[in-house]
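**Q** Okay, here's the structure, questions in a sec.
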Amino acid sequence: MLSDDHVNEIIIEVENVSSGVQSHPSSNQIFRGKVLLDSSINMVSSISDIDVVDSQSASKRNDQKGNQVLQFSTSLNESISQTLHSLECVGIDTPGSSHETVQGQKLIASLIPMTSRDRIKAIRNQPRTMEEKRNLRKIVDKEKSKQTHRILQLNCCVQCLNSISRAYRRSKNSLSEILNSISLWQKTLKIIGGKFGTSVLSYFNFLRWLLKFNIFSFIVNFSFIIIPQFTVAEKNTLQFTGLELFTGVGYFRDTVMYYGFYTNSTIQHGNSGASYNMQLAYIFTIGACLTTCFFSLLFSMAKYFRDNFINPHIYSGGITKLIFCWDFTVTHEKAVKLKQKNLSTEIRENLSELRQENVKLTFNQQLTRFSTYVMAWVVSTGVAIACCAAVYYLAEYNLEFLKTHSNPGAVLLLPFVVSCINLAVPCFYSMFRLVERYEMPRHEVYILLIRNILLKITIVGILCYYWLNNVALSGEECWETLIGQDIYRLLLMDFVFSLADSFLGEFLRRIIGMQLITSLGLPEFDIARNVLELIYAQTLVWIGIFFCPLLPLIQMIMLFIMFYAKNISLMMNFQPPSKAWRASQMMTFFILLLFFPSFTGVLCTLAITIWRLKPSADCGPFRGLPFFIHSIYSWIDTLSTRPGYLWVVWIYRNLIGSVHFFFILTLIVLIITYLYWQITEGRKIMIRLLHEQIINEGKDKMFLIEKLIKLQDMEKKANPSSLVLERREVEQQDALHLGERDSSLDLRFRRSVQEGNPRA
């Protein structure tokens, strides 16, 4: 039997287990440590329950068993500390009782039989730090590997599939991390979002998204059209003067920049080398670019529509996620401040929307606003019609004007007038906000986008009519190159006007608002006008990619410069939006406008060009053909004579060349869109009902609490002696707390005495 001092020594050793060892034990060690811990604690509990009856006999045995007790306490200390540290490495808190360690065992035991994907999801959802999750995953993987090694009947194919899926997930995660690390302008976009909110940030995200489009288009064109043409190109004998950068004529005419420079022959190096048909390469490469853009737009619209309209968290406000979620991996001081600024901006945006949704107007106010909106639409529509009429008449007489004027700068007249209209009229539309005064800033942006898109797409439609009817049928030597030059000048002039507006116009507006008319103050960033400039330029690029294959490269350079120009102007000349609003759904609307009417109009224009117009007889890869599409017809006829390629002929005639197939495909897309729309409406109704139910339950709880308080007050008035009983209970609880504190002080005193006693 142990003495009372030795028992206290063991208890003290158990209480003073440190928890700072950084190790990664296996799951078996954890299980054995847990059993040892439970048995040791039970032993200590049983020892503490022993009553020392004969103190003299215990003191006689003290000298004989002192060394044994010391060895027991040391081994007990080491085993408990190792077990506790093992549990901490897994992310399981060191328990005051065996309940939490049992939970840790159950967690590990439940993770082992799961599949790899379910196990990763379960570990990811654990409320633990990243280091604890990694350690837990390592231990579970080790235990899983041990069990799998014991199972001899495991199929080899299953092991191969598991290893392949694991390698695929790891490579996918590493690739996503690499792409995020090399992604353009991550830090700049965070700064913009933190200072100006998600509304202004949506413009820069859209610009970066378009840049990726043009990078892909340029890579495809350069690989399959430009490089093969370089191998057979003749030396350019024209002299470069520098004026070609603005007009697009002269030296650039005999380069790979325009359609007319490409050969129509089959490229073959050597007698036994592989042949390369430039006609098929040209039309298939352009078709592949447009097809990829088509499906990418559809996929992006579906993705943003699902994230911003269908998911339920969109309608719940997201306040809980903003307030109670923090990324603990952010440790740098500047990054923490930027994250705080982003969170505060998002909270203000959510709260402002909730406040604006509750605004109600009287009938007279609604009638006044409706009349104002109608007048604004009448004026804006009249201005758009007048501008389009001016562009139409100028385009009609442009060819005659160029024939009578030999000045090289005369070709810039039409692009100059069009760019002036595209710059001045959207600024005029932006002034309507002073009269219309929309409560929701999002509605104001939507209205401006619709007005601007109607203006710019109508102008592009008039220009396409001019190109396909006047230029293509004018009998010029190479009308495809002329169209490519016109599109190049329009794109370049629009870029010059945008830069001038960013560095000069916006600077002048800031000077006027800060020094001359101080009541105006700093202007706000016009999202609608700037977004429509990007859509207009991208529409020109898609139209001109058939006549000028290097346009994606030019657009890449322009977008890259435009990002930095707009960023500098934004930081210097603009203030954050006066009305904070959440623009999570803006990207969906931007891509929708880019798809319709922009991209669909481009497809219609190119379809008319390929199926209805006759190519030039002396230039380009399709010279000598009655229509551009005849190159495909000739290729299909050639394949129909080869038995190994009959499946290609069947796909073309029954799918690609069939009107019924596209009709059925369009019908399926419309049905899917309708189903998604109904799902959205159903989730809106469900969330609204649940929100009302939560409010009603809160009101019921408040009602019951008030009733309970009234009943307690009535009981206290009826039985005054209950107050005395409550006071006695409080005094007894205070006495118990004092006794516990005295016992803890006595334990500490006994520990200090034992530490000072070398024999103990």
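Cβ coordinates come from backbone N, Cα and C, glycine included.
Bear in mind that the values here come from a model prediction, so they are computed numbers and not experimental data.
Feature table excerpt (TrEMBL):
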DOMAIN    478-584  domain 'TMC'
TRANSMEM  209-230  transmembrane segment
TRANSMEM  280-299  transmembrane segment
TRANSMEM  370-395  transmembrane segment
TRANSMEM  410-432  transmembrane segment
TRANSMEM  444-468  transmembrane segment
TRANSMEM  539-565  transmembrane segment
TRANSMEM  585-608  transmembrane segment
TRANSMEM  656-677  transmembrane segment
**Q** Applying the under-8 angstroms CB criterion, which one of 410-432, 444-468, 539-565 scores highest with the transmembrane segment (280-299)?
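**A** Out of the listed stretches, 539-565 contacts the transmembrane segment (280-299) most.
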**Q** Under the DSSP assignment, what numbers of helix, strand and coil residues are found in the domain 'TMC' (478-584)?
**A** 79 helix, 2 strand, 26 coil
**Q** Sort out the residues at least 6 away from either end of the transmembrane segment (585-608), same chain, that have Cβ-Cβ distances under 8 Å to it, and list them.
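**A** Same-chain contacts beyond the flanks: 198-199, 202, 205-206, 209, 286, 290, 293-294, 297-298, 300-301, 304-305, 308-309, 314, 442, 445-446, 449, 453, 457, 460-461, 464, 468, 527, 531, 535, 538-539, 542-543, 546.
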**Q** State the non-local partners of the transmembrane segment (209-230) in its own chain: residues 6+ outside its ends, Cβ under 8 Å from one of its Cβ atoms.
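**A** Long-range Cβ neighbours of the transmembrane segment (209-230): 184, 256, 261-263, 267, 276, 278, 281-282, 284-286, 288-289, 292-293, 296, 300, 534, 538, 541, 545, 549-550, 552-553, 555-556, 559-560, 563, 587.
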**Q** What residues elsewhere in the chain lie close to the transmembrane segment (370-395), defined as a C-beta under 8 angstroms and at least 6 residues from its ends?
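**A** Sequence-distant neighbours of the transmembrane segment (370-395): 413-414, 417-418, 421, 425, 428-429, 432, 435-436, 451, 454-455, 458-459, 462-463, 466, 470.
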